[in-house]
Amino acid sequence: MLEINDFNAIRISLASPEDIRSWSHGEVTKPETINYRTLKPERDGLFCERIFGPTKDWECFCGKYKRVRYKGVVCDKCGVEVTRSKVRRERMGHINLASPVSHIWFVKGTPSRLGLLLDISPRNLERVLYFASYIIVEVKEDMLQVAREMIQEEYAARRQKIQKQAEEKRIELSTQLTQDLGGMETAQRSTQRQIEEEYRRLRDEIASEAEQLRERLEELSGTLADEDILFRGVTVVEEGEPINENTLDQLDELVEQELEVLEERRRRDLADAELLTDAERERKAYEATQEQERLQERLQRELDHLMREEKEKLEQLDTLKVGRIITETEYRQLRDIAPGVFRADMGAGAVRELIEKTVNLDKLAEELQAEIQSSQGQRRKKATKRLRVVEAFRKSGNRPEWMILTVLPVIPPDLRPMVQLDGGRFATSDLNDLYRRVINRNNRLKRLIELNAPEIIVRNEKRMLQEAVDALIDNGRRGRAVSGKGKHRLKSLSDMLKGKQGRFRQNLLGKRVDYSGRSVIVVGPNLQLHQCGLPKKMALELFKPFVMRRLVERGVAHNIKNAKRAVERVRPEVWDALEEVIKDYLVLLNRAPSLHRLSIQAFEAKLIEGSAIQLHPLVCAAFNADFDGDQMAVHVPLSRKAQEEARTRMLSKYNLLSPAHGEPIITPSQDIVLGCYYLTMVRDGAKGSGKRFSSIDEAMLAYEKHLLDIQAPIWIRMTGTLSGKSDRPVRELPLAADGTPRMLIETTIGRILLNNELQPPLRFRNRLIDKKGLKEIIADCYQYYTNLRNLSEDQLNEVRASHGNKHVQELARIYGSEMTAQQADRIKALGFRYATLGGMTIGIEDIEVPAKKYDIVREAEQLVADVEKQFRRGLITEEERYQEVVRIWQEATKQTIQAVKENLNPFGPVAMMSTSGARGNINQISQMAGMRGLMSDPTGRIIELPIKANFREGLSVLDYFVSTHGVRKGLADTALRTADAGYLTRRLVDVAQDVIITIEDCGTEEGLWLHGADDDELMEKLQVRMLGRILAAPIYHKETGELIADRNTEIDEELATAILASGQESVFVRSPLSCQAEHGLCRLCYGRNLATGKLVEIGEAVGIIAAQSIGEPGTQLTLRTFHTGGVASADDITQGLPRVQEIFEARVPKGKALLAEIDGVVQIVRDEEGVRTIRIVSTDVYTDEYPLGRGFSPTINHESEVYEGQVIAEGPGGAQIVTRLTGKAFIQGDRIIVSQEDHQERELVVPHNARIRVENGERVMAGQQLTDGSANPQELLELQGREAVQRYLVNEAQKVYRSQGVNINDKHIEVIVRQMLRRVRIEDPGDTGLLPGELIDSAEFRRLNNDIVSQGGDPATAATMLLGITKASLNTDSFLAAASFQETTRVLTDAAIQGKVDYLRGLKENVVIGKLIPAGTGIEKRIERPHEDLIGEMARMLEESQQAEEAPAETRRATPLPTPNGNKAPESDNDALLRARLEELLSGDGDNDQSDAEEEDNDLPAF
């Protein structure tokens, strides 16, 4: 039978309309929710019982069927199935949409998946979906051709008509001109006639006048004229002159002249008339020509216009392609041009139709592949993006048209509840409002379509439906968010998943749990390390069901109901039952914030009075708890397995070492330290000083008789040896009779008392014990008792009896933990006792102000006055003055601290507290007794006005005001830092949550070099760094060459000492950075588990441990640098938390250092403006030599330039020598030497405030730092490769933590850095089927390449990518983990399109779906073993068992193999089983054609 919850992968994909309908139990057609009078769900509404199931268990809507006996009956009256009401949490409905709508995730995401698939820009796609533009969905090709021909015919006819009209007009113009010219001829002749007649009349007039005058003159001839006689105004005879023959001649002359003038005028008039006629004729002819030309132009214009119009229309027809987007105007035009040729539409329906008709994924993939191969730059980038989407659809089996919804699922009503409030009003989930909007608009649209409403109204309603569905899926993604009453934004389905309040983070990754409580904590000084005090009232509530059961079992109550009553009334028997119950249970205590795994530990509960939880003082450090009002939560692990896990793994006494650095975390502190310090102090001159005793017992007797002071130095003879150095004299004595060493030592009673409390192997410690000393005792104790060599068989059997038959290493760990816990408890009791008896307390008298202080202050004031004087005189700048003043006061503060130190009474309580490490440090004492010194202002700049007073003297108002600045900044910084550190931890956990120890050995030959030369004041010593690592190569003695240790040996304390003693200064070790495990890490690359001091176990969640170890001390790091004012030098730009974030996010650092891009020689150049440039010049010279054989002669001259492939010498028979280089040729005797210089230059401009690290002429390597600051890790990766950047990131992170005194093992940082470098970017896909630019896991990449190479194909090439932790988290293989981290909608969109499968390998994804995490005890089921590994291992085991049988009886050791049912089989059966299984596996070799599906189901038992 298949277990429904037992699956090992989960897949997400797009839902088809058929899927949505198959999930549904009915269609929701009404927007109603519940009836306001009956308060029952409306039929066919959003809460309909017929669709979603009954609201009451086993009862139908109308009440016809009630009770469980009708289970499964569907009521014939109301249609409701009689079943449990909880089906309303799982039954879905659906809405049939009247018009398809797009799913906003696939439209508005970046990049728009729908847009990429259709090759439409997101803006255009949006215009189509929201009814602003049309998209062509169909073009009828045959009709298109007909339309083209019709247009061509129409325009041909129009051209013909225009040409015909133009011809007619031309003929008309020509005729008109001929007529006009003829008329002009006639008019000209008529004018000539008129002129002739006129002149004839004038001639006649002159002749007639002349005749009359002649007659008169003839009459008067011979007489004198009595007046002037005139002819036409000209005097012929003046008055008094005689009239004679001459007078007549004169008259004739005048007549002749007159006639000549007249004739001249006649000729002129005739000529003028002719000229006028000619001009008119020419004008007419010209006008006619112009008109003809105009006509011709107009004709041409009209023809051109027609041609253009025709061309445009034909072009528009040509652009009628399916998928083209057109505006409303263009649509109308095209519809007029080519009616019936095409169909265009708007909205999601059009897009869906387009996808169904045009998208052929296989063909599209081929086209895009070809384009990627042939194109460059932006086009290639776009094609790759498109291909990624196309391939996702192809491989996943999703259909692209499913991105457009035709059916909308309605989620179960109990997931969008509606509840009645006190006042009778209802509170409802926002989803109901959003669904109502969809249903209302959908119903309205259906009605409009039925009524055949105008297109514009239907279109508007479709757009509104699209917007309603958008708001339901992801409100606010497009346009204004839909808001409900009170203007609050309605929470859509996407909002239900996103963010801290979303489904993933609020309900799946963290839940509120039952059987828990919380209370204030108080100290429990009398508890043992594995105990806590639980208030009785609280315990009774937590264990109520168990107590009730126990009461029934004991017969105190007859049934559960009575038992419950007894518990509620708190009868005396209840406490006895509670005592019994609580014996078997451990409880978990948790203090928020849970920054690391030690924030939750298991304890045995001791019932106490009162209401506060009592906590053991030594576990406070792990919880980071104090007793100033802290609260803690209690949880009860319920199941047997949970209890067992709590007991074996979480009990506080088994969590003594910090997983971050492997040192004890239960170190005594405060009072305990003070008590032990007081106890081990030596006070010369105290009562009984210098006395001698023959034994410890004798000395103790003297002390008890009050003859000795507890701190008096006394001499004692004792047997045994000293543990560590002694701070008092020691004299060795002759050995005792049994050979034990003896000595005479100076010590004190206090030290004897302390040593009496130590385990025997840890004695005798004859020195002042401070906090560090106590830490050493705990560490030594754990180390001694967990080392198998120090344990006897009896001790191991003792553990076996109580903890079962476990592995000896595990038994040693348990024994060591228990012994250390006992030791810690004894020290605790001793410390508390003597802190009390010592009576050390601080009074105001203990704080003495040193007399020197006032001199120091006066001196400093004088120096400051001198500096001010120099500044006023202009000898120094304002900045220099400030720096000098700050320096003077810092020096004065330093001197004051020294003075306070010297002035302290070493036996005074203040000094004891400080020097023992119990509380406080010299700086704080100095603020009380010396001077407070300089303060920082809110920006972090130091205020140059110091506080010269101390708290003993009291601060003035100004002092107090100045000090508030720094204090306030400190508080604000702490608050900010906490949030930042929390977020950093979250990102680290996310990036490393799937790093689990999955296999024994990945078999890699790679590793990490640890160099002793790297030891500096910040880095740990080599001895510490190599502890717990596994050797990656054999290590030999430097001088003798003998093998010290082989590969894959764990370096423990002894081996580390031996390696250093052999003179080796560097060690090649395995590291998580180089682990080749396909999933998680292997045991050997990780090495020692720091929390146990033993090799890490399979199933350990080392990724999370690493993240917690780095994140937990994050709050201790400073937030920003305190600048000492002025320009910060580049090396102090970022420190503390921001620097850690910078490192793990792989950002370009602030104050970035310049790196050398090539190997070469440095030249530092400064231009006129003072800008510095570093030039790196690299000159490589290559030479090639060509010997000249017999008969060969050069064809070039000495020192001539030659190029590659040039003939440089010829020999007999046309033989030639050709050069392989381009450069200069030198002829030297019988050979030619060609020399080529490869010259490279790089110039880098140095920022004005950067300090240059290199000298002029210095040789540098690529990737070397040229200026101060932090290197950009991306550049480092490019220039020096993966190993350099790994080393850099680990060292940089360590520098930040170590500078703050935080100790973290390198291993943890390496785990994170490995995750940052896990991806590679494909450059050339080869035959792998990957896409260029795709990010892929490096293990997956190696596997694909190996498969391809084994099949004879071309492998892919790729570049290592360095991703920041946020990006790396989002790029994880698990979509559940990525979606629950950040950018939920984007992750789910991508995953759905790709049909991603989550194999549930990490922790988060298993927590999300509610399965046990594949770590710790949850991994046994999960260990994946490849087929070949299994066969190999079985073969090896078979061989071993055979060897064992052949071996002599005394050397034979039984190593029975667990059979599948967990029992141990007898040896012979075991062999038979192995052999049979092995043969079965090997026989399957020849017949290896099982389908993949069969192979997956054929799970092998995990042997």
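Yeah, the Cβs are placed from backbone N, Cα and C, and that goes for glycine too.
These numbers come from a predicted model, not from an experiment.
Within 10 Å of the Cβ of Cys60 (Zn(2+) 1 binding site) there are 24 other Cβ atoms, across all protein chains. Cys60 (Zn(2+) 1 binding site) falls within neither a helix nor a strand when secondary structure is assigned with DSSP, and so counts as coil. Here Swiss-Prot flags Cys60, Cys62, Cys75, Cys78 as Zn(2+) 1 binding site.
Summarising the environment of Asp628 (Mg(2+) binding site), the number of other Cβ atoms within 10 Å of its Cβ, over all protein chains shown, is 5. The Mg(2+) binding site annotation in Swiss-Prot covers Asp626, Asp628, Asp630.
The Zn(2+) 2 binding site annotation in Swiss-Prot covers Cys1002, Cys1075, Cys1082, Cys1085. Taken residue by residue with DSSP, Cys1002 (Zn(2+) 2 binding site) is part of neither helix nor strand, so it is coil.
Here Swiss-Prot flags 1486-1503 as compositional bias 'Acidic residues'.
The region 'Disordered' feature in Swiss-Prot is assigned to 1439-1503.
In sequence order, Cys60, Phe61, Cys62, Lys64, Tyr65, Glu81, Val82 make up the list of same-chain residues 6 or more apart from Cys75 (Zn(2+) 1 binding site) whose Cβ falls under 8 Å from its Cβ.
In the structure shown, the C-beta of Asp630 has more C-beta neighbours within 10 angstroms than that of any other entry among the binding-site residues Asp626, Asp630. Close to the recorded Mg(2+) site, the chain also has Ile521, Ala625, Phe627, Gly629: residues not among Asp626, Asp628, Asp630 whose Cβ is within 8 Å of the site's Cβ mean position. Of the listed binding-site residues, namely Cys1075, Cys1082, Cys1085, the sparsest CB environment within 10 A is found at Cys1082. Taking Cβ-Cβ distances under 8 Å and a sequence gap of 6 or more within the same chain, the neighbours of Cys1002 (Zn(2+) 2 binding site) are Cys1075, Gln1076, Ala1077, Leu1081, Cys1082, Leu1084, Cys1085. Applying an 8 A CB threshold to same-chain residues 6+ apart, the list for Cys78 (Zn(2+) 1 binding site) reads Arg43, Glu49, Arg50, Cys60, Phe61, Cys62, Lys64. Same-chain residues with CB within 8 A of the center of the Cys60, Cys62, Cys75, Cys78 CB atoms, the Zn(2+) 1 site residues themselves not counted, are Glu49, Phe61, Gly63, Lys64, Tyr65, Asp76, Lys77, Gly79, Val80. Following the DSSP three-state reduction, the secondary structure of Cys1075 (Zn(2+) 2 binding site) is coil. Surrounding the centroid of the Cβ atoms of Cys1002, Cys1075, Cys1082, Cys1085, where the record places Zn(2+) 2, the chain contributes additional residues within 8 Å, namely Ile999, Asp1001, Thr1004, Arg1070, Pro1072, Ser1074, Gln1076, Ala1077, Leu1081, Arg1083, Leu1084, Tyr1086. Taken residue by residue with DSSP, Asp630 (Mg(2+) binding site) is part of neither helix nor strand, so it is coil. Classification of Cys1085 (Zn(2+) 2 binding site) by DSSP places it within a helix.
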